[in-house]
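Residues or ranges marked as active site, nucleophile in Swiss-Prot: C112. The active site, cysteine persulfide intermediate annotation in Swiss-Prot covers C209 and rests on sequence analysis. Look at Swiss-Prot and you will find A18, M19, S20, G21, G22, V23, D24, S25, L44, G136 tagged as ATP binding site, backed by sequence analysis. If you look up Swiss-Prot, you'll see C112-C209 marked as disulfide bond, on the strength of sequence analysis. What Swiss-Prot records for H137, Q351 is site 'Interaction with tRNA'.
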Amino acid sequence: MNSLDLPKPPHETRVVVAMSGGVDSSVVAGLLKREGYDVVGVTLQLYDHGAATHRKGACCAGRDIHDARAVAETLGIPHYVLDYEDRFRESVIDRFAESYLSGETPIPCVECNRSVKFRDLLGMARDLGAEALATGHYVASRAQPEGGRALYRALDPARDQSYFLYATTPEQLAFLRFPLGERPKDETRALARELGLAVADKADSQDICFVPQGGYADVIAKLRPEAARPGEIVDLDGRRLGEHEGIIHYTVGQRRGLKLSVGEPLYVVRLEPETARVVVGPRAALATRRIRLTDLNWLGSRAPDGLADLPVAVRVRSTREPRPARLSWNAAEACLEVELVVPEDGVSPGQACVIYADDGPRAQVLGGGTIRRIGALQAGAAEAA
């Protein structure tokens, strides 16, 4: 087997590298080229939203396509640019806006990986005669004794991107390779300099690439003008405390920007899109123990519909470490339920709940799903649909 766990020698193995124009994917292309693989670079043009294409840290547009092409020329590999703007708008941006209108807090990166990068790009790689698609993500995949590949957290915990890749299917994992999963970020930049890549010191991309200056509400309002529907801010008992200019400006757990003159700190507990109400309460009202998941992607060896009180670890936000939990299958609702051992604050519908075999630094990813329903501890913060 070669370094990618493929049977042919590198010079007989074609690998397509998804090149975003950043340092990580550029280093992947450079490393594989140096090892003798037949490397083909592919860059997706996903959007071109004016200010977003020029801001520092944006990705997948204008300047980044130029950088990816320049790296390919430096390495002496063929490079193709594929126009996926329409697909990206339909699969990612429009869904992002609809999710916010529904009172959720979506993660467009998960949908982009699931609906665009790892579906369409993977198919394109096969059309080009490749035996693998390599990316610059910080996540690890390893061959399993029983066959197939499993997904694991990256060596560098500060860069681990497994939270955003939980929706990768077993079939996709078999074709994907993540050469940086076993490397720290500092080593990646050093390799970029060693390879003579002009992007060695380029800033890392932002999570939401199509949102200029972090103003996601402006993007949503432009796509869906009805999103700026004003409404009331109420407490847990329904008492009116103030007004707002649209629920798209709020997310569960938010404290800043409420503009309320009350004696105690208040947080957004839930959003009610039907009534356009923002419900606020004390921090204790955010404590969540039970989570119900939909759009489940399961990577574990045991079928999810047979699970009962399985000990695992879960992440309910990308910035948090995995926490102990237990999984059970709800046969009546045909969905997976998560019970957190220690209640968590700020659990929001629309976010991902990613499931790991344990809370270790190199834990296996068992799967995950979209948080659709939460069970809060506070009496006044009853289950929100």
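Start at 1 and count along the chain as shown; that gives each residue its number.
Keep in mind that glycine also has a Cβ here, set from the backbone N, Cα and C atoms.
Predicted, not measured: the structure shown is a model, and the values here were computed from it.
Here the features listed in Swiss-Prot are placed on the structure.
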| residue | record | DSSP (3 states) |
| --- | --- | --- |
| A18 | ATP binding site | strand |
| D24 | ATP binding site | helix |
| L44 | ATP binding site | strand |
| C112 | active site, nucleophile | helix |
| H137 | site 'Interaction with tRNA' | coil |
| C209 | active site, cysteine persulfide intermediate | coil |
| Q351 | site 'Interaction with tRNA' | coil |
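Counted within 10 Å of its Cβ, the other Cβ atoms near G22 (ATP binding site) come to 22, all protein chains included. Residues A18, M19, S20, G21, G22, V23, D24, S25, L44, G136 are listed as the ATP binders, and the farthest two of them sit 16 Å apart at their Cα atoms.
There are 24 other Cβ atoms within 10 Å of the Cβ belonging to A18 (ATP binding site). Cβ-based neighbour count (10 Å, all protein chains) for Q351 (site 'Interaction with tRNA') stands at 23.
Contacts of D24 (ATP binding site) defined by a Cβ separation under 8 A and a same-chain sequence distance of 6+ are given as G136, H137, Y138, L180, T188, in order along the sequence.
Rounded to a whole number, the C-alpha distance linking S20 (ATP binding site) with the residue listed as 'active site, nucleophile' is 13 angstrom.
C209 (active site, cysteine persulfide intermediate) sits 11 Å from C112 (active site, nucleophile), taking the CA atoms of both as reference points. Using a 10 Å radius centred on the Cβ of the residue listed as 'active site, cysteine persulfide intermediate' and all shown protein chains, the other Cβ atoms total 24. Cα separation, L44 (ATP binding site) to Q351 (site 'Interaction with tRNA'), rounded: 25 Å.
G22 (ATP binding site) sits 26 Å from Q351 (site 'Interaction with tRNA'), counting Cα to Cα.
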